[in-house]
Amino acid sequence: MALLQLERISAQYPGSPEPVLSDISLTLGPQQLLVALGPSGSGKTSLLNLIAGFVEPSAGRITLDNVPVKGPSAERGVVFQDDALLPWQDVLANVAFGLELAGVAKDKREQRAREMLALVDLSGFEHRRIWQLSGGQKQRVGLARALAADPRVLLMDEPFGALDAFTREQMQELLLQVWQRTAKPVFLITHDIEEAVFLATDLILLAPNPGQIVERLHLDFGQRYAAGESARAIKSDPRFIETREHVLAKVFSQRSAVQRQERA
């Protein structure tokens, strides 16, 4: 059963002669981790912004639990690449911030915040200031904050793009652990091919100008990690390597097509 459904979505910004997205249809169901991958200009961030309710489509329909998406909502938690944390607040207050805005009593919101910090392995960091945290720790706080409101769907906008390679791998593995424990459906966008193949249960490849889905893949590598197989073993599996190379070739062919159009 689909929780989130996009039906023939197109998006065009005011003053732009061309749509940024064209005829996008997809569904996100329980326990899916849907990853959108594509070159620059393929509309990945625009697609996430539509689902988040930050902008409205120029055509088509987006529903969550059969209710039209109209504006931002706590039912769609968002984790940004830029952590967007409050530097004047400590970690606990940052995680509890959305609950405070929703009028949740202090003891209940702090209890929930502590539970989410434990989920992302940050117990003991409650009273640290944001400036005292590493990049990976800040992203853990952002993830805990998004989960604190118990959203129906978790949206992630290139959440690990600014991290070093080692921390990025740690965060990928943490995300899979959190995804398994919470059973939250996740929609994540990335420009990193190996990350996309490793994390996704479902992978959509977007072509640019305008952004449209050109291929869909059903994968199980992230599920294998969540079931206990090591990331190293998975990423050295010939099937993983073959899938990664297939996706790489597809993305490069789309990029080459764009470059030919620009030279024409």
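Cβ atoms are placed via backbone N, Cα and C, with glycine included.
Annotated domain 'ABC transporter' per Swiss-Prot: 4-233, in sequence order.
Under the heading ATP binding site, Swiss-Prot lists GLY38, PRO39, SER40, GLY41, SER42, GLY43, LYS44, THR45, citing sequence analysis as support. On its own chain, LYS44 (ATP binding site) has ALA36, LEU37, GLY38, GLU158, ILE189, THR190, HIS191, LEU206, GLY211 as residues at least 6 apart in sequence with a Cβ closer than 8 Å to its own Cβ. The secondary structure of LYS44 (ATP binding site), as reduced to three states from DSSP, is helical.
Summary of the ATP site environment: with the site residues GLY38, PRO39, SER40, GLY41, SER42, GLY43, LYS44, THR45 set aside, the chain residues having Cβ atoms within 8 Å of the Cβ mean position are HIS191, LEU206, PRO208, GLY211. Within 10 Å of the Cβ of PRO39 (ATP binding site) there are 22 other Cβ atoms, across all protein chains.
Considering only the binding-site residues GLY38, GLY41, the Cβ with the fewest other Cβ atoms within 10 Å is that of GLY41.
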